[in-house]
Amino acid sequence: MIETDLCIIGAGSGGLSLAAGAAQMGARVVLIEGAAMGGDCLNHGCVPSKALLAAAKQAHAMTSGATFGIAPVVPKVDFAAVKDHVARTIATIAPMDSQERFEGFGVQVIRAYARFTAADEVEADGQRIRARRFVIATGSTAAVPPIPGIDSVPYLTNETIFALRAAPRHLIILGGGPIGIEMAQAHRRLGVPVTVIEAARALGREDPELAAIALATLRAEGVEILEDAPVTALSGEPGAIVATLKDGRQVEGSHLLVATGRKVALDRLNLAAAGVEATARGVTVGADLRSVSNRRVYAIGDAAGGLQFTHVAGYHAGVVIRAILFGLPSRARTHHIPRVTFCDPELAQVGLTEAEARAAHGAALTVLRTEFAHNDRAQAEARTTGLVKVMVVGGRPVGASIIGPQAGELIGLWALALASGLKMSSMAGMVVPYPTLNDVSKRAAGAYFSPKLFDNPWVKRGVRLVQRLLP
Ligand SMILES: Cc1cc2nc3c(=O)[nH]c(=O)nc-3n(C[C@H](O)[C@H](O)[C@H](O)COP(=O)(O)OP(=O)(O)OC[C@H]3O[C@@H](n4cnc5c(N)ncnc54)[C@H](O)[C@@H]3O)c2cc1C
Ligand SMILES: NC(=O)c1ccc[n+]([C@@H]2O[C@H](COP(=O)([O-])OP(=O)(O)OC[C@H]3O[C@@H](n4cnc5c(N)ncnc54)[C@H](O)[C@@H]3O)[C@@H](O)[C@H]2O)c1
């Protein structure tokens with residue numbers, strides 16, 4: 001029997017952040033991981049997908065230099081070597097998440113799947129762990145839709161696609177969410193024919209105007225994206241898979257990637273033994289991320305049933321650490337959480353989209369827009385596709401949407417503004433270096449004040465009066 005202050009189940013983005021913080025601040029911590037240290041993000045998610053996208057971007061650059069006077073060439077893609085780059089990236093980052101590093105912090109790491117045996121006890125690898133507090137940080141896995149025939153055809157998920165060493169002859173991707181869209185563009189740029197089949201609207205959570213720009217770019221690069229196209233049956237054999245759509249159309253491909261959303265990983269936990277309530281979305285928690293039915297238990301990251309991002313899992317770790325270590329009240333908020341789909345151009349959002357802001361604030365809403373085409377750096381780099389939209393209520397931003405080069409970097413400024421409740425005057429008053437892409441954000445903020453300054457007869461009268469009086 002191990003007695004400890006804090007037992008964390010799952011050594012992914014959330015569990016690792018919490019374990020490192022709690023142990024370094026003096027708590028006795030047991031961390032239990034059933035598979036690879038680092039969880040989805042490192043092994044099957046963010047890291048491999050961004051490494052693959054980077055290789056794809058390099059390939060694309062070779063085909064798109066004509067504007068600069070550089071003759072396009074068809075890149076020779078060594079698919080296995082691309083995968084070596086992906087594997088190397090994971091291996092280089094892995095020591096940060098390793099068992100040894102965490103043991104160095106004083107964390108007791110157990111490599112096995114954990115299950116609750118009582119309200120205050122879990123079992124893993126034959127050991128019983130009793131703790132003052134438990135944190136469920138078990139993440140999620142690919143949700144596989146119950147399409148007739150799906151069990152009779154081989155399919156890939158995020159856990160298997162990065163291990164493919166040979167380029168698919170034709171990749172069918174089921175689902176046009178962030179995973180589907182990122183994987184579609186990455187594979188297409190590496191020379192793979194790709195068809196995305198989306199049951200509803202691709203990038204359906206994003207501002208439709210911005211999503212349309214991303215989808216148009218993918219289509220122009222040769223990705224076939226079928227929307228409102230539910231699949232009614234899957235058939236075929238390895239290397240020749242057929243998806244039959246509701247309207248009777250058939251799509252044939254060599255490989256099938258299922259990217260239709262996530263299922264929280266709670267099955268192995270035997271939650272009933274601990275009286276921890278959960279739904280298909282995740283552990284039932286309040287804003288404090290504490291189980292509503294067992295106050296010893298918290299849930300963070302994907303398992304908490306909300307936004308599913310690595311930075312959210314890390315943020316959740318910070319929220320619960322306050323309560324668990326210091327007994328202080330703390331609540332997770334969402335209004336300042338950014339998200340990025342790392343297609344090219346990148347698509348980034350923080351706070352409310354235009355439609356959400358209009359529904360919430362009606363006539364009090366002002367929407368500001370600036371296009372990358374008005375940005376000198378974007379012009380110099382011939383990367384002018386995209387725009388920034390800022391939703392403003394009462395002189396403060398309530399949301400920002402960006403599609404364009406480095407949107408994922410640019411959204412950080414607006415995430416800070418929303419988190420800190422900054423006014424538009426602070427954003428407009430900021431001095432950014434010239435020429436940088438960040439000037440699009442400053443320009444958008446400036447647009448909030450331009451009509452008040454430039455189209456205002458009182459300002460003009462005031463200036464004329466002062467000019468008459470000044471010596
Ligand atoms: C392809 C893909 C790309 C993504 N890209 C991004 C991105 O660019 N940016 C971003 O912010 N997010 C991205 N995400 C989402 C991100 O990976 C997740 O939101 C994040 O990993 C969640 O962290 P977590 O700690 O909740 O869970 P995870 O990181 O999944 O960790 C959970 C861990 O718990 C372990 N576990 C499960 N059950 C048990 C048990 N009973 N006992 C012991 N251990 C257990 C698992 O083995 C796993 O290691 C991506 C996801 C995918 C699939
Ligand atoms: N860049 C990032 O931050 C990033 C990248 C990838 C994933 N993620 C995280 O992982 C989560 C999961 O990503 P995802 O893309 O798998 O899920 P998702 O839920 O975001 O999108 C799934 C898409 O599949 C569609 N779909 C559902 N069932 C279908 C079916 N039977 N046939 C065809 N289409 C179907 C849905 O309409 C939806 O558009 C994301 O929501 C996000 O939180 C983040």
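Placement of Cβ uses the backbone N, Cα and C atoms for every residue, glycine included.
Unlike curated records, TrEMBL annotations are generated automatically.
These figures come from a predicted structure and were not determined experimentally.
The feature domain 'FAD/NAD(P)-binding' is assigned by TrEMBL to 5-316. What TrEMBL records for Cys41-Cys46 is disulfide bond. The FAD binding site annotation in TrEMBL covers Lys50, Thr138, Gly139, Ser140, Asp302. Per TrEMBL, the feature NAD(+) binding site maps to Gly175, Gly176, Gly177, Pro178, Ile179, Gly180, Ile181, Glu182, Glu198, Gly261. The domain 'Pyridine nucleotide-disulphide oxidoreductase dimerisation' feature in TrEMBL is assigned to 337-444.
Taking the features listed in TrEMBL, we show where each one sits on the structure.
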{"residue": "Cys41", "record": "disulfide bond", "DSSP class": "helix"}
{"residue": "Cys46", "record": "disulfide bond", "DSSP class": "helix"}
{"residue": "Thr138", "record": "FAD binding site", "DSSP class": "coil"}
{"residue": "Gly175", "record": "NAD(+) binding site", "DSSP class": "coil"}
{"residue": "Ile181", "record": "NAD(+) binding site", "DSSP class": "helix"}
{"residue": "Asp302", "record": "FAD binding site", "DSSP class": "helix"}
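Around the Cβ of Gly175 (NAD(+) binding site), 24 further Cβ atoms fall within 10 Å across all displayed protein chains.
Listed in sequence order, the binding-site residues among Gly175, Ile181, Glu198 whose CB lies under 6 angstroms from an atom of ligand 1 come out as none at all.
For the pair Cys41 (disulfide bond) and Gly177 (NAD(+) binding site), the C-alpha distance works out to 17 angstrom. Remark: Ile179 (NAD(+) binding site) has Ser49, Asn158, Ala259 as non-local neighbours, by Cβ distance under 8 Å and separation of at least 6 in sequence. Straight-line distance linking the Cα atoms of Gly139 (FAD binding site) and Gly177 (NAD(+) binding site), rounded to a whole number, equals 18 Å. Excluding Gly175, Gly176, Gly177, Pro178, Ile179, Gly180, Ile181, Glu182, Glu198, Gly261 themselves, the residues of that chain whose CB lies within 8 A of the CB mean position for the NAD(+) site are, in sequence, Ile173, Met183, Val196, Ala202, Leu203, Ala259, Thr260. When the alpha carbons of Thr138 (FAD binding site) and Gly175 (NAD(+) binding site) are compared, the span between them is 23 angstrom. For Asp302 (FAD binding site), the nearest of the binding-site residues Gly175, Gly177, Ile181, Glu198 in terms of C-alpha separation is Gly177.
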